[in-house]
Amino acid sequence: MASYKVEQLPSPLSVLGEGPHWDVERQSLYYNDIYGGSIHRYDYKENKTYNATVDGFPVISFIIPVKGNDRHFIIGTDRKVTLVDWDGRSEKATFVRTVGEVELDMADNRFNDAKVDSKGRFYGGTMRLEAKGDIFEMRLGTFYRYDAGRGEFVTLKKQIGVSNGLCWNDEENLFYYIDSCDLDVKEYRVDEHGDLSGERVVIDFRVNGEKPAFVPDGMTIDANGSLYVATFGGSTVYKVNSKTGKVELEIKLPCEQVTSAAFGGPNLDILYVTTAAKEFKSPQPAPAGALFAVTGLGVKGTPMYPVDLS
């Protein structure tokens, strides 16, 4: 069994830290604070985190670099995908344009987690605002792929509670997805167009039909195909065998609300983990909301990709 080490990195304590994305070229981890309304860049070489806000956007659901322009990023703002300009150091990023918008008639929804596949295609989903208090019952979210060539969103799944963790096994053309309200991880086959089929439950976190004390949140994958599932309310990232559904390792964090994870570092062997200080419970004590690095896992991750808007 791997002997791992968890280290808190120099970073602000996020209200709701999310969306870690490792950029190989810049050797930096980008992530966001959803309800802190900020974007962040952890610089590996400097061991320092740079932070920025975007005027007019108090809620930011994700941040993903854009292919071909090292100052451009897409962020999630309400039900929009928004293009911003940021040098990675300044305290302000600036609005460039709206890339696209979904669900114009659903003001109580917002984008949540989003990622990009190896072909540069954006995948992301929506959820009902947590403040409504009924996301488990209403299931008003939708999961999309963005077709940049046609400038339109393609619906992949409907009746989503909280669209969350997503990652790909490119070698086997498999896609993994979490709707937090389903309390499980699902696998799909991906065709050349990016469409999904053949749903299979990899792991259900219920025990004898009983809900766990957490919900599965963000997720990543290693080069061997194992999944790493962050648990909001569980103080743990679970390493899950994607074939058998068995938990192979429990990575414990020193705070309750663990939100997402991504492999990075020069050798893609550091697991970066985001957390939340306050969601809709009472404020959590430090180090809740910090960014963490987990080393010694003995595995490597897979590359993450910029979005292709051409």
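From the backbone N, Cα and C atoms, a Cβ is placed for every residue, glycine too.
Remember, it's a predicted structure, so these values are computed and weren't measured experimentally.
Feature annotations, courtesy of TrEMBL:
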- Asp217: active site, proton donor/acceptor (ACT_SITE)
- Glu18, Asn164, Asp217: divalent metal cation binding site (BINDING)
- Arg110, Asn112, Glu130: substrate binding site (BINDING)
- 16-276: domain 'SMP-30/Gluconolactonase/LRE-like region' (DOMAIN)
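Features as recorded by TrEMBL, highlighted on the structure.
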residue: Glu18; record: divalent metal cation binding site; contacts (Cβ under 8 Å, 6+ apart): Tyr31, Asn32, Asp33, Ile34, Ser61, Phe62, Asp113, Gly218, Thr259, Ser260, Thr274, Ala276
residue: Arg110; record: substrate binding site; contacts (Cβ under 8 Å, 6+ apart): Val59, Ser61, Gly76, Asp78, Arg79, Thr126, Met127, Leu129
residue: Asn112; record: substrate binding site; contacts (Cβ under 8 Å, 6+ apart): Ser61, Phe62, Gly76, Gly124, Gly125, Thr126, Met127, Gly141, Val162, Ser163, Asn164
residue: Asp217; record: active site, proton donor/acceptor; contacts (Cβ under 8 Å, 6+ apart): Asn164, Gly165, Ile178, Ser180, Val229, Ala230, Thr231, Phe232, Val258, Thr259, Ser260
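For the divalent metal cation site, the Cβ centre of Glu18, Asn164, Asp217 serves as reference, and the other residues of the chain with Cβ at most 8 Å from it are Asn112, Asp113, Val162, Gly165, Ile178, Ser180, Gly218, Ala230, Phe232, Thr259, Ser260. The maximum pairwise C-alpha distance among Arg110, Asn112, Glu130, the residues recorded as binding substrate, is 11 Å. The most densely surrounded of the binding-site residues Glu130, Asn164 is Asn164 (count of other Cβ atoms within 10 A of its Cβ).
Listed in chain order, the residues near the substrate site other than Arg110, Asn112, Glu130 are Ile34, Ser61, Asn109, Phe111, Thr126, Met127, Arg128, Leu129, Val162, each with its Cβ within 8 Å of the site Cβ centroid.
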